[in-house]
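Asks: Here it is: the structure, laid out below.
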Amino acid sequence: MPHSYPALSAEQKKELSDIALRIVAPGKGILAADESVGSMAKRLSQIGVENTEENRRLYRQVLFSADDRVKKCIGGVIFFHETLYQKDDNGVPFVRTIQDKGIVVGIKVDKGVVPLAGTDGETTTQGLDGLSERCAQYKKDGADFAKWRCVLKISERTPSALAILENANVLARYASICQQNGIVPIVEPEILPDGDHDLKRCQYVTEKVLAAVYKALSDHHVYLEGTLLKPNMVTPGHACPIKYTPEEIAMATVTALRRTVPPAVPGVTFLSGGQSEEEASFNLNAINRCPLPRPWALTFSYGRALQASALNAWRGQRDNAGAATEEFIKRAEVNGLAAQGKYEGSGEDGGAAAQSLYIANHAY
């Protein structure tokens, strides 16, 4: 076997590794604010707000205007293309607002899922064309990490070997291209919670998917110390009749990661996958209390599970912006504690935080 050509210099590797470690510093996670225009339409329609560019800007401003309390619990924010070039009411670019808090700016770079021909409704993710040029531009515009989401689903016949292999290779190509441009890739192979499968089945599929992803990353010479993983937690299907404890979910999740994710990876930033805000926090907390050795930071990269209460409090009204921002800060602080296994629960049984955020066949 010939030697691989050294694609990255020592300086490039150090930059990537430093960025990744900043994002997942102890007690810090990621705010995923990269919902597409279509996804924002769904969010805003829930509160009776029209999906205009200005309303999307105002809503993102609610999140980004959080004060310095978020410095200790948010290490990175994932932007959508439109948001990367928007400004707050005072004309300050959102990118600068986030960077001034010492938080790393990221960007969603995939172009969405498309059908994978010859499969039972499975998908791959598009967006590799022109990705290198886009990454170079995003780097100039202030982004230091990126996100790419692939989607797999569990049923009697899926995920197929073809879908697993194809999505693993797409993620590896994306990761390699990002690193060439000084951008840390977040690798997101999401296994959807749709279905009635139990915890064991999800664990088995998660292990097979992650094993394929890390084989592909190795084949593509991706520098693991300069990457992050954004997986699903191992949970039962949404229609599964069995209820599992956070401790059972934590044990299954950490076991799957220990069997597949190399210790060179600095951090695992879980997606919330339609869990309620409280559920996502309790499960993350249990994962960080799991008695198994865990060589990586285990933290959050939450969208809905950081935003649902804030969105509910805002309802499109300027007068509600301050209260909505407080709701976001509260969730960020809670998850910062959960990322250290220090969350004891809020004592709130009801309210928006306990509402399921599940959406069937969730597309971003």
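Positions of Cβ are set from backbone N, Cα and C atoms, glycine also.
Keep in mind it's a predicted model, so treat the numbers as computed, not measured.
Taken from Swiss-Prot, the feature phosphotyrosine applies to Tyr5. Per Swiss-Prot, phosphoserine is recorded for Ser36, Ser39, Ser45, Ser132. Annotation source Swiss-Prot lists substrate binding site at Arg56, Lys147. The N6-acetyllysine annotation in Swiss-Prot covers Lys111 and is backed by a large-scale study or a structure entry. Annotation source Swiss-Prot lists active site, proton acceptor at Glu188, citing similarity to another entry. Taken from Swiss-Prot, the feature active site, schiff-base intermediate with dihydroxyacetone-P covers Lys230.
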Asks: Within 10 Å of Lys230 (active site, schiff-base intermediate with dihydroxyacetone-P) by C-alpha distance: pick out those among the recorded positions Ser39, Arg56, Ser132, Lys147, Glu188, and say none if nothing qualifies.
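Replies: Checking Cα-Cα distances against Lys230 (active site, schiff-base intermediate with dihydroxyacetone-P), the recorded positions within 10 Å turn out to be Lys147, Glu188.
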Asks: In whole Å, how far does the CA atom of Ser132 (phosphoserine) lie from that of Lys147 (substrate binding site)?
Replies: 14
Asks: Select one residue from Arg56, Lys111, Lys147, Lys230: among these recorded positions, choose the one with the most other Cβ atoms within 10 Å of its Cβ.
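Replies: That would be Lys147, with the most Cβ atoms nearby.
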Asks: So for Ser36 (phosphoserine), how many other CB atoms are inside 10 Å of its CB?
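Replies: Summing over all protein chains shown, Ser36 (phosphoserine) has 16 other Cβ atoms within 10 Å.
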Asks: If you measure Lys147 (substrate binding site) to Tyr5 (phosphotyrosine) at Cα, how many Å is it?
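Replies: Approximately 25 Å lies between the Cα of Lys147 (substrate binding site) and that of Tyr5 (phosphotyrosine).
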Asks: Let me know the most crowded of the modified residues, choosing from Ser39, Ser45, Ser132 and counting other Cβ atoms within 10 Å.
Replies: Ser39
Asks: Going by Cα-Cα distance, pick out whichever of the recorded positions Tyr5, Ser36, Arg56, Lys111 is nearest to the residue listed as 'active site, proton acceptor'.
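Replies: The answer is Lys111.
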Asks: Which residues, sitting 6 or more apart from the residue listed as 'phosphotyrosine' on the same chain, put a CB under 8 Å from its CB?
Replies: none
Asks: Do you know offhand how many angstrom separate Arg56 (substrate binding site) and Ser36 (phosphoserine) by C-alpha?
Replies: 10
